[in-house]
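Noted in Swiss-Prot for the protein shown:
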- Gly113, Glu114, Phe115, Gly116, Ser117, Gly118, Lys119, Ser120: ATP binding site (BINDING)
Amino acid sequence: MGQVATEEKRPTSVAELPGVGPSTAAKLIDAGYGTIEALAVATPEELVAIGIPLTTAQKIIRAARQMLDIRFRTAKEVKLERMNLRKITTGSKNLDDLLGGGIETKTITEFFGEFGSGKSQLCHQASVNVQLPLEQGGLSEGDKVAKAVYVDTEGTFRWERIEQMAKCLGLDPDQVMDNIYYIRAVNSDHQMAIVEELFNLVPKENVKLIVVDSVTSHFRAEYPGRENLAVRQQKLNKHLHQLGKLAEVYNTAVIITNQVMARPDVFYGDPTQAVGGHVLYHAPGVRVQLKKARGNKRIARVVDAPHLPEAEAVFAITDCGIRDPED
């Protein structure tokens, strides 16, 4: 009687990886490395910082990457991957078209503009829309509801607005609010710690949208002046890097909002620019400037995206949320 060949059992949790005992697993989970995906994009130095020996850290990361088949891909494979990215509708066809179909997963999308330009409105709308079925522009599949995390740094979140937007879409407002995890970040360290914790929450709760509104306010307030610029940019860079990891590893959309400041040296054209310096110029995959227009209309302009042309679109902020203008 012949023997039946069996496939080698592949690790499905951090505790099953080679070199990971109970105490090491506890350290990894406490530090936000509770999944194989999170370990695969970690660096040995990051694991050493939480008390894991360098050789063990290298072994763990190597094993995690093998499990996820992290390797070189052909350009054609990359094309197919990008074509399969999911997108969340903004509620406005004009704006969706500008963004190439909506707010895409595996990407940080930055909306920046002056007060009242619609940044937080878009964040609220996306937090509702992500819960829609795929065929309606959301990321929910069957009984698996896509959820959102809303990190609020300026106190701009309004549950009343979520309720209003949900009702207009024919959704149960209480269910919609149950699927949005809200947290108020009180300072930059707290903000960074929240994002670290998301490496555990995102896969566990099927979070498909992470909102940070706004990403720069605490960093600017706590590190003013040129003498603190290097420290501020270093911390902000690490924060954005972690958000990018979350987007990539868990196929999640990330929206960050940002403020603008006036440039006194600009005499022609738009004298405003997003705050955050070069760190924020390069971290987001899509950067969109928002401007006020007449009445409830707003103008969105793509200023940087490798796959999108520089272009503008007009959308409206209505009682029901983000929509196309009526005229």
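Cβ coordinates come from backbone N, Cα and C, glycine included.
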Look up Ser117 (ATP binding site) in the DSSP assignment and reduce it to helix, strand or coil.
-> coil
Given the recorded ATP site (Gly113, Glu114, Phe115, Gly116, Ser117, Gly118, Lys119, Ser120), which additional residues of the same chain have their Cβ within 8 Å of the Cβ centre, ordered by sequence?
-> Gln121, Leu290, Lys292
For Glu114 (ATP binding site), just count the other CB atoms lying within 10 A of its CB, please.
-> 15
Name the residues of the same chain, 6+ apart in sequence, whose Cβ is under 8 Å from the Cβ of Ser117 (ATP binding site)?
-> Leu290, Lys291, Lys292, Arg298
Return the residues near Gly113 (ATP binding site), defined as same-chain residues 6+ apart in sequence whose C-beta is under 8 angstroms from its C-beta, sorted by sequence, else 'none'.
-> Lys119, Val260, Gln289, Leu290, Lys291
CB contacts for Phe115 (ATP binding site) [other CB atoms within 10 A, all chains] = 9
Are there residues of the same chain, six or more positions away from Gly118 (ATP binding site), whose CB falls under 8 angstroms from its CB, and which are they?
-> Phe111, Leu290, Arg298, Phe315, Ile317, Ile322
Tell me which residues of the chain lie with their Cβ under 8 angstroms from that of Gly116 (ATP binding site), as long as they are six or more apart in sequence?
-> Lys292
